[in-house]
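Engineer: First, the structure itself, so that you have it in front of you.
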């Protein structure tokens with residue numbers, strides 16, 4: 001999950017609150033540790049911080065990243081299978097996603113290597129580099145899952161989080177789930193590589209060997225943290241202890257929020273949980289989570305055609321550790337960016353992660369036009385932004401963590417803060433009917449990872465709910481275990 005507070009207001013220069021701090025107020029954090037970026041001239045009438053930049057630029061300045069329009073010259077992504085008739089932005093949809101199957105002949109192998117969508121042989125250097133990067137991540141996180149499972153005394157064909165399979169699931173069925181998952185990751189990798197080749201978004205910034213993820217010391221630290229997290233989580237699961245703390249101990253948080261989601265020790269109110277979250281979820285999905293959430297950049301690409309990034313505002317609701325925001329900032333460094341989350345612990349980690357990304361980006365790309373992201377502890381059911389004040393709202397992996405009434409409230413708030421013509425990019429788990437071949441795995445996910453609201457999420461139809469809030473459906477993109485939907489507010 002990642003986000004939701006009540007009766008929020010913006011506090012200028014407020015420090016990150018501790019987990020025990022009352023959260024009736026909304027704190028703003030920036031990625032600058034040396035000085036406050038907020039002064040009397042950087043607050044809008046609504047109290048929301050305005051853009052600050054790493055490099056001052058004229059209002060009309062744009063970042064230097066070049067990219068092609070995917071529909072210029074009929075350049076439609078090969079993975080697209082449809083386009084929503086009511087789409088006003090021409091965003092491609094992918095409503096069918098099948099796991100990759102290896103070619104059974106030399107002709108099939110040649111066709112795979114020379115696919116038009118992948119750029120043919122001329123694009124092989126870029127494809128080879130990105131494929132090697134993805135394969136390395138996939139192998140590492142698969143091995144990580146195996147090591148964790150072995151350490152906790154369960155079979156790898158059980159669950160990557162170290163939990164046993166339910167008794168009604170056979171070992172053969174569990175093995176097939178793993179095989180289907182690996183095939184899905186290969187298909188997702190092809191999709192990711194094509195998006196990069198077509199200029200829909202940039203290659204992952206952490207492919208660069210100077211990034212900390214290639215440091216053995218960094219991985220060793222993450223492994224030790226993850227193993228400790230899994231051991232503690234196993235104890236919590238065996239005790240069937242679902243509550244992090246009582247409501248009286250955490251005044252201001254919704255009751256549903258005070259649980260050990262995913263059997264994480266401390267739930268969302270723990271520094272340790274926030275620091276291990278990315279490593280933990282990548283281990284669960286064998287290194288595919290980054291690729292899945294990058295598909296949320298596809299609708300943004302089509303929306304941004306012809307727009308000035310420096311005059312565009314983006315809010316990420318339930319920003320968590322800020323991982324998605326780093327991908328967004330890598331592609332659109334000049335956009336005015338805000339991250340909202342309920343957890344002060346996750347916001348602190350998001351701030352640190354964005355700070356690392358900014359320094360890394362400076363080292364790799366030099367001085368790009370770069371507005372600093374600002375992080376706000378706030379309630380997604382009561383966002384601290386004026387009506388019709390934002391161009392884009394994104395929300396990645398939140399709704400399956402919310403009870404139905406909270407989902408409705410968040411949908412209404414998103415519509416309220418969007419400008420007419422603005423877009424809402426929603427990314428979350430696939431739902432009932434999206435991929436029938438993995439329906440059994442979805443049921444296991446619900447039971448084994450303490451996802452108390454996943455069953456209702458899995459069956460929900462969100463298009464009517466968003467339509468009732470004034471948001472029209474633009475596109476749907478299936479990407480392995482993630483579904484991305486884009487909605488647009490009417491003019």
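Backbone N, Cα and C atoms are what each Cβ position is placed from, and that goes for glycine too.
Look at TrEMBL and you will find 1-22, 34-96 tagged as region 'Disordered'. What TrEMBL records for 37-54, 63-75, 85-96 is compositional bias 'Polar residues'. The domain 'Methyltransferase' annotation in TrEMBL covers 314-422.
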Engineer: In the same chain, which residue numbers or ranges, 6 or more beyond the ends of the compositional bias 'Polar residues' (85-96), come under 8 angstroms Cβ to Cβ?
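Structural biologist: For the compositional bias 'Polar residues' (85-96), the sequence-distant neighbours (Cβ-Cβ under 8 Å, at least 6 residues beyond its ends) are 70-71, 76-77, 79, 191, 298-299, 302-303, 423, 472-479, 486, 488.
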Engineer: How do the residues of the compositional bias 'Polar residues' (85-96) split into helix, strand and coil according to DSSP?
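Structural biologist: For the compositional bias 'Polar residues' (85-96), the helix, strand and coil counts are 0 helix, 2 strand, 10 coil.
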Engineer: As a test of reading the model: what is the averaged pLDDT for the domain 'Methyltransferase' (314-422)?
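Structural biologist: When the pLDDT values over the domain 'Methyltransferase' (314-422) are averaged, the result is 96.
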